[in-house]
Amino acid sequence: MRILSSQVSEHVGEEVTVAGWLHRVRALKSVTFAIVRDRDGLVQVVAAEPELVKRLAVLTEETVVEVTGTVTANQQAPGGVEITSPAVRELSEPAVASPFDLYRPVVSAALPTVLDNAAVALRHPRLRAPFEISAASVAGYRRALDRLGFTEVHTPKVVSSATESGANVFALDWFGRKAYLAQSPQFYKQTMVGVFERVYEVGPVFRAEPHDTARHLAQYTSLDAELGFVADHRDVMAVVRQAVAEMVATIAERAPGAVELLGVKLPDVPEEIPSIHFADAQELLARETDEDPRGEPDLAPAHERWLCDWALREHGSQFLFVTGYPMRKRPFYTHPDPERPEFSNSFDLLFRGLELVTGGQRLHRHSDYLAALEARGESPEPYAGYLAAFAHGMPPHGGFALGLERFVARLTEADNIRWTTLFPRDLHRLAP
Ligand code: AMO
């Protein structure tokens, strides 16, 4: 019976089979120690039989093996047990030696080297751990939204018009017609509010980001949601809070090994995440820093970092909502603040110095969409399929999108989002 490395300690005195990769081979004179790595962890195998000692000693690390032997207690072995009197079957031998010492606990390779060699580098427990956290985050997101009555949808990634802004969109040829890679499921998720009332999506989005930063990718995973019958953006913020809280809880539950290995300090998600209006945030920055951002249409990254430090100081929270961004900086579907129409019913959620979520209330009347497009000098023609939803009756609604890689990067305090992205796509990187 094949068992996992983590189950070996439950079988002391029995014969078991484990399968995995030779993580480390240490040949002494009369015994060879081999550490086998499987999806669950590591287990030590000890060979004392002379033929096997010799054979194991020359196997290269990353050889794929199946080991059958007796489980023996040994306080010195990792996990307190080891497999003795083993029979070792080689399933596959590496064609080349690994460029990394995967068994060394500290990763000394630089990011580009890791990315160039991702197929093997990500086998390192520390480099793989962020992706375990990522998987748990998505599971938590789904759990939260399923519980709240949302339906998961899958929308097209090749589309006929830009959704966020025409500037950073990848164009491609679609049977002789111009098409784009979707920057967001924005139009489709709104349309689906007319069908399901509450929807969410986990999927790739594409941004032709011309700048090379530690927080921008050209393809990332967007956790989107949209819900109908909201009073305003605050109802959407309440959903964001629940989703993030469930994501953090699910990481603790499903990826405790990764959390421990990376020393991740999981944040408390306050019952009530502190919130500040954009205009008040600018006043605060003008009053308390050397800069005066008043009149600027958006917050600079340095301002976001300062505001996060402020929220931690003043409210003990690693999360901060900034609400009411100026209408002129937001996409045409944004709902204005009825009291102060130059500001919008929108928000960003900042986490540990970085924008993590954008969302808000949307326009919902067909006539408002036509007016908003006209005010921006845009023809309704390219948006016909989207506008049909509003022509046929849509409730007041809103939604948000959370960048998965950014979330995991801030959680693990990675200095670059590429440490938490599988095969990142950016200005320079299209392979592997
Ligand atoms: P926005 O464009 O702000 O909003 O994106 C939402 C969230 O996605 C993440 N993000 C990125 N992550 C990595 N690389 C990038 N280039 C990148 N750009 C954005 C951020 C950001 O907060 N349709 C709206 C959402 C909505 O209103 O529902 C939208 O896409 O974490």
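Just so it is clear, glycine is given a Cβ too, placed from its N, Cα and C backbone atoms.
TrEMBL does not curate its annotations; it predicts them automatically.
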Annotated companion of Glu164, Thr358, Arg362 at the L-aspartate site, TrEMBL, chosen from Arg123, Arg207, Arg406: Arg207
Stretch carrying region 'Aspartate' according to TrEMBL (options 22-25, 174-177, 186-189, 226-229): 186-189
Further ATP ligand in TrEMBL, beside Arg207, Ala208, Glu209, Arg215, His216, Leu217, Gly403, Leu404, Glu405, Arg406, within candidate set Glu253, Glu260, Glu355: Glu355
Alpha-carbon spacing, Glu209 (ATP binding site) to Arg362 (L-aspartate binding site), which is rounded to whole Å: 25
Overall pLDDT of the domain 'Aminoacyl-transfer RNA synthetases class-II family profile' (141-432), taken as the mean: 96
Which of Arg207, Arg362, the listed binding-site residues, has fewest other Cβ atoms within 10 Å: Arg207
Cα-to-Cα gap, Glu355 (ATP binding site) vs Arg362 (L-aspartate binding site), nearest whole Å: 20
Contacting binding-site residues, sequence order - Glu164, Glu209, Arg362 vs ligand 1, Cβ under 6 Å: Glu164, Glu209
Residue from Pro78, His216, Leu404, Arg406 whose C-alpha is spatially nearest that of Glu164 (L-aspartate binding site), among the recorded positions: His216
Secondary structure composition of the region 'Aspartate' (186-189) [DSSP: H/G/I, E/B, coil]: 4 helix, 0 strand, 0 coil
